[in-house]
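> Here it is, the structure in full.
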Amino acid sequence: MKVLDFIVCSNEPLNDQNHLIKVVPANNEPMPEMFPGQFVQILVKNSPNVFLRRPVSINNVDLANNELWLLVKRVGEGTEKICKSSTGDIMNLIFPLGNSFTIPEEKCTTLLIGGGVGTAPMLFLGKKLSEKGYNVNFLLGGRTASDILQITDFEKYGNVYCTTEDGSFGEIGFVTDHTILQNNKFDFIYTCGPKPMMVAVAKYAVSKGIECEASLENLMACGFGACLCCIEKTVRGNICTCTEGPVFNIKELTWLD
Amino acid sequence: MKVLDFIVCSNEPLNDQNHLIKVVPANNEPMPEMFPGQFVQILVKNSPNVFLRRPVSINNVDLANNELWLLVKRVGEGTEKICKSSTGDIMNLIFPLGNSFTIPEEKCTTLLIGGGVGTAPMLFLGKKLSEKGYNVNFLLGGRTASDILQITDFEKYGNVYCTTEDGSFGEIGFVTDHTILQNNKFDFIYTCGPKPMMVAVAKYAVSKGIECEASLENLMACGFGACLCCIEKTVRGNICTCTEGPVFNIKELTWLD
Amino acid sequence: MAGLEVQIGDLKFKNPVTTASGTFGYGTEYKDFIDLGALGGIFVKGTTLEPRQGNDYPRMAETPSGMLNAVGLQNKGVDYFINHLYPEIKDYDTNIIVNVSGSTIEDYVTTAEKLADLDKMPAIELNISCPNVKEGGMSFGVSCESAAKVTRAVRDVFPKTLIVKLSPNVTSISEIALAVEGAGADSVSLVNTFLGMAIDIESKKPKLSTITGGLSGPCIKPIAVRMVWEVYNTVKIPIIGMGGISNWQDAIEFILAGSTAIQVGTYNFIDPTASVKIIEGIEEYLDRHRITSVTDLVGQMRI
Amino acid sequence: MAGLEVQIGDLKFKNPVTTASGTFGYGTEYKDFIDLGALGGIFVKGTTLEPRQGNDYPRMAETPSGMLNAVGLQNKGVDYFINHLYPEIKDYDTNIIVNVSGSTIEDYVTTAEKLADLDKMPAIELNISCPNVKEGGMSFGVSCESAAKVTRAVRDVFPKTLIVKLSPNVTSISEIALAVEGAGADSVSLVNTFLGMAIDIESKKPKLSTITGGLSGPCIKPIAVRMVWEVYNTVKIPIIGMGGISNWQDAIEFILAGSTAIQVGTYNFIDPTASVKIIEGIEEYLDRHRITSVTDLVGQMRI
Ligand SMILES: Cc1cc2nc3c(=O)[nH]c(=O)nc-3n(C[C@H](O)[C@H](O)[C@H](O)COP(=O)(O)OP(=O)(O)OC[C@H]3O[C@@H](n4cnc5c(N)ncnc54)[C@H](O)[C@@H]3O)c2cc1C
Ligand SMILES: Cc1cc2nc3c(=O)[nH]c(=O)nc-3n(C[C@H](O)[C@H](O)[C@H](O)COP(=O)(O)OP(=O)(O)OC[C@H]3O[C@@H](n4cnc5c(N)ncnc54)[C@H](O)[C@@H]3O)c2cc1C
Ligand SMILES: Cc1cc2nc3c(=O)[nH]c(=O)nc-3n(C[C@H](O)[C@H](O)[C@H](O)COP(=O)(O)O)c2cc1C
Ligand SMILES: Cc1cc2nc3c(=O)[nH]c(=O)nc-3n(C[C@H](O)[C@H](O)[C@H](O)COP(=O)(O)O)c2cc1C
Ligand code: FES
Ligand code: FES
């Protein structure tokens, strides 16, 4: 873990709410190794109402350019300010934080399900899995076509399936309605997105006996295990999402109880 | 008094600390009449530490362009943010606030003494006095040459005399050391600047029996008479600087007691 | 369109949004900015029996999300108010309520008696919680006995709506509320400012001439909301809630916690139109949530 | 170079900057960010006799210039601490002080006794002020009698430096300080968090699972500084001040108000390196003001 100033090298709006922000370390030193599922804590400056840092997943690590990618959705003042950053701005990060998704021992068929901005960590995960020779399938869900982000990036690393609630892109309905869930066989499912979606995915995985990991977005104060605010009630008791998560095997969670 | 959004149409650094910021009403409606000595209360956005507005004098009103000029010195976070505003930014002002300098009934010889950023209201005052046909003399003081601001603007409206503490521009010393105070005769003195300077000017004026008004910069919360925080102890008791000032006849003040 | 009327004691308010004493002068200071008649009420500057010069300068220090003040109840006294200020403001189309302070019980009683005679003065707010005066003031508000005593004494001479303003600088604000309810208050308003201080580290001097002063603004909101909630669960009389309200969201929060009406204080300095924006925001919220009367929201936090 | 050493009870601190309990874990959480040996001391997480799961999620809400927490003393109990955590941290080159909580006096006493046996544990901080537990916790800290009682009971079994951490949720914190001084405390630390709450107005639910929680951060600083000043003028034992400290300027303010040492709490979350920056800042300030020892600054506000 480090506290480090980065420089914003680009900030691209992907739709009316989501921005892809690429940053490089200000001192240009090589970044430490990072793993899919890990996140950063962003310091939000210039805001009268934002006091705490904001947690954001690692969307991609571009080693060639020493770039870190962040996919950020505007939901409140913190993410609003982050989405307003301009090229050249300094962004202070604590990183890398949290555990990471499990890479199964055996090369196998994986399904990465992301809903909304929950697709963010799936890109980095898919990339790593594909580099290691796994069969990678992405299932991305949104309300409407414009919610499906970074599709050309995803296509580099695996098959991409989509659902939209209004049917404007991919199949109509929720991710768990997609036909590949009926037609294809998967060995490992990863999911990140709104809780109802993740619960539905978890139910599916349990019903099929498939290993499944979910990435949680609990409210955090510190992000590195010091405050005990971000706990998730698990079969092992209250556990910190920021250090022992954000990735949990769904068997650990008490969601389906 | 109004609360109104303005648009920053230019922000020119005059030296390493002072900025001349010109703003126009966002709706471009004509501004109400304003008088020299009055001030505005600037809302500082995007700052975690600035809660209250910041009072700044009216430096000039350019009726032709419907522009209001503000001369701002960076001293803390509030003025720092104000000095960072860019062309096109919205600046919310409450204005015009406070009383104003007295224009003597008879056309006479006036001396306007400003120290540091205290020269700000003197420009607008000098302009008005000169328009009305008064003999206008400016005496501007600073630590060093670069502290003397807007000199070409001042020259439009009267004779300009300067002092610098290091002698790099004008006469060496404080404003009260300037030879015109010995050599010339004035009927009315106006002053604004650091308190020690104003006290020295007041002493001079009293010793010579010259009418003298000083513009005060007491700490303010509201700026329009609602909080009673900005009081000055006067011969009439505690009086609000923001409504019954910021301009006081030095006879009202208890500085020389 | 949702109903905004609320009632405190015998007094009807056209809406729950009022302005806090000491932050809104006598209303006139704001008449350039807003239509005063749009407000539920105006709590005018703290008034004492005798004129007071208040404390020395400096009286103000900015703090994180708030400010300290040490005004010390500067005012020209109740007689001046009655003869010079009241005539100017009595015909505003809103409830004008005087905030009454004193150093002794007799002060409070005499001031209240004088105000009781005014036609258009339907209520007073008894300030037993001002931290900025040496004698009386807050000391009445920090013990149940003295709070009840001064309330009872004023109750005996003041037949109109009596609101008692509580100090947050206590171990249990609900006990004090209960005591003043028992002593005949029609309503409690809370909170007054928190006792705080700030030091200029370069001069090493306190930033206020009085060393300590009253903290107000958004910084105190979480504590104020908690106090409203505690008092709501303790007393039956209506609560007027305040402390850091700067927008309609804050106002709704105070109403959900148990406030029948709210006061906007320090934020008036930053946005003199805040109070009317809050009225509009409450109305839209009620409509969006299909709540027909704001009174149906009071204390309705879901637990 | 100015001397930074301070002393609390029998215990020497290499500098006055320590970290607040519950915000710094067991120190290990910060070892990637700073050299823990640079700190004057580390107050580790609140420890209880039995393990505690703490409160339900959500435990946190952001507020203007601060946050509310409702962690509820989640910890694995004193035995786990002694057997598993202490061995890992005991050799840090700084003072490690355990913050001790309990629901009954026996809890406090037994926990303190166990800790007294540890070689490298020179002091404990008695937390009689946690607002986030149903029983005990804060209730000990809000009356002079119970505060004195628990202090005396622990004093009898704990021969090392005993620091008692006070609650700010009281009418007179200096009376409580006086009571615990009389009961044998070597030092008081203040303040713990203020009881507050926040409501999500759309769901109408409280933002914390426990409804109310503890407010910390810069928002509370003016009240905390005032309390330090009051206590400084009341007791003779040294004060460890805290509440919203986020930079060296804040630290100097607390020292001028009467703190011999200070604790950095919530701000560690925003800048995990804040504490070491504060040490440097204090040193520069002392040099600039030609003060040879930080102890010469304690309580030296000019009035
Ligand atoms: C491990 C982790 C990884 C995340 N990754 C991403 C990411 O890659 N991209 C992205 O856009 N967002 C991500 N988030 C969510 C992001 O942190 C929140 O959206 C952000 O903190 C909201 O801040 P705000 O100031 O904009 O909104 P606020 O004004 O604080 O809140 C607006 C709304 O968002 C909710 N909210 C606030 N904080 C969180 C939170 N931590 N989690 C969920 N909801 C929250 C609030 O309850 C409120 O309803 C992640 C969160 C976590 C914990
Ligand atoms: C009527 C009036 C007219 C003014 N006109 C101008 C002007 O034309 N141009 C200009 O640059 N400044 C002017 N000032 C001063 C200006 O308001 C302050 O410099 C500003 O408020 C400081 O804010 P800050 O956040 O930058 O500094 P802060 O961080 O608030 O304070 C930095 C330092 O400045 C001091 N300070 C803060 N507020 C004031 C104040 N109101 N007056 C004096 N010192 C203060 C503080 O005590 C501190 O030492 C005027 C003030 C008043 C009352
Ligand atoms: C400058 C100032 C002066 C005040 N004067 C009074 C007063 O005279 N009487 C009173 O009861 N409260 C007074 N108050 C307290 C406010 O009415 C209110 O209780 C407090 O500020 C909390 O609300 P806020 O955070 O919205 O400001 C004053 C507050 C401020 C900031
Ligand atoms: C998340 C969190 C957990 C805390 N846990 C404890 C605790 O276990 N014991 C304790 O005495 N104080 C605890 N505190 C209080 C702090 O030690 C400190 O007294 C308070 O936060 C004020 O300081 P600050 O504003 O610098 O944070 C906790 C504070 C926070 C924010
Ligand atoms: S966010 Fe602080 S422990 Fe997880
Ligand atoms: S600044 Fe509020 S009355 Fe003058």
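Glycine is treated like the rest: Cβ placed from N, Cα and C.
Remember, TrEMBL labels are computer predictions, not curated facts.
What TrEMBL records for D:4-286 is domain 'Dihydroorotate dehydrogenase catalytic'. Annotated FMN binding site per TrEMBL: D:S21, D:K45, D:G46, D:N99, D:N127, D:K165, D:V191, D:G217, D:G243, D:G244, D:G265, D:T266, in sequence order. Per TrEMBL, the feature substrate binding site maps to D:K45, D:N69, D:A70, D:V71, D:G72, D:L73, D:N127, D:N192, D:T193. What TrEMBL records for D:C130 is active site, nucleophile.
Are these features on the surface or tucked inside, and what touches them?
Under the three-state DSSP scheme, D:N127 (FMN binding site) falls in the strand class.
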> Is any of the binding-site residues D:S21, D:G46, D:V191, D:T193, D:G243, D:G265 near chain A, in the sense of a CB under 8 A from one of its CBs, and if so which?
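Of D:S21, D:G46, D:V191, D:T193, D:G243, D:G265, none lie near chain A.
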> Counting every protein chain present, what is the number of Cβ atoms, excluding its own, within 10 Å of the Cβ of D:S21 (FMN binding site)?
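Looking across every protein chain shown, the total is 28.
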> Among the binding-site residues D:A70, D:G72, D:T193, which ones place their C-alpha within 10 angstroms of the C-alpha of D:S21 (FMN binding site)?
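Matched binding-site residues: none.
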> Scan D:A70, D:G243, D:G265 for binding-site residues whose C-beta lands under 6 Å from an atom of ligand 4 and note them, or write none.
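Near the molecule: D:G243, D:G265.
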> Do you know offhand how many angstrom separate D:N127 (FMN binding site) and D:A70 (substrate binding site) by C-alpha?
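A Cα-Cα distance of 15 Å.
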> Among all protein chains shown, how many Cβ atoms are found within 10 Å of the Cβ of D:N127 (FMN binding site), not counting that one?
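Here the count is 32.
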> May I ask which of the binding-site residues D:G46, D:V191, D:G243 is closest to D:A70 (substrate binding site) if we compare their C-alpha atoms?
D:G46
> Ranked by the number of other Cβ atoms within 10 Å of their own Cβ, which of the binding-site residues D:G46, D:G72, D:G243, D:G265 ranks first?
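Sorting the candidates by Cβ neighbours within 10 Å, the top entry is D:G243.
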> Consider the binding-site residues D:K45, D:G72, D:T193 and say which one has the Cα lying nearest the Cα of D:G243 (FMN binding site).
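Nearest candidate: D:T193.
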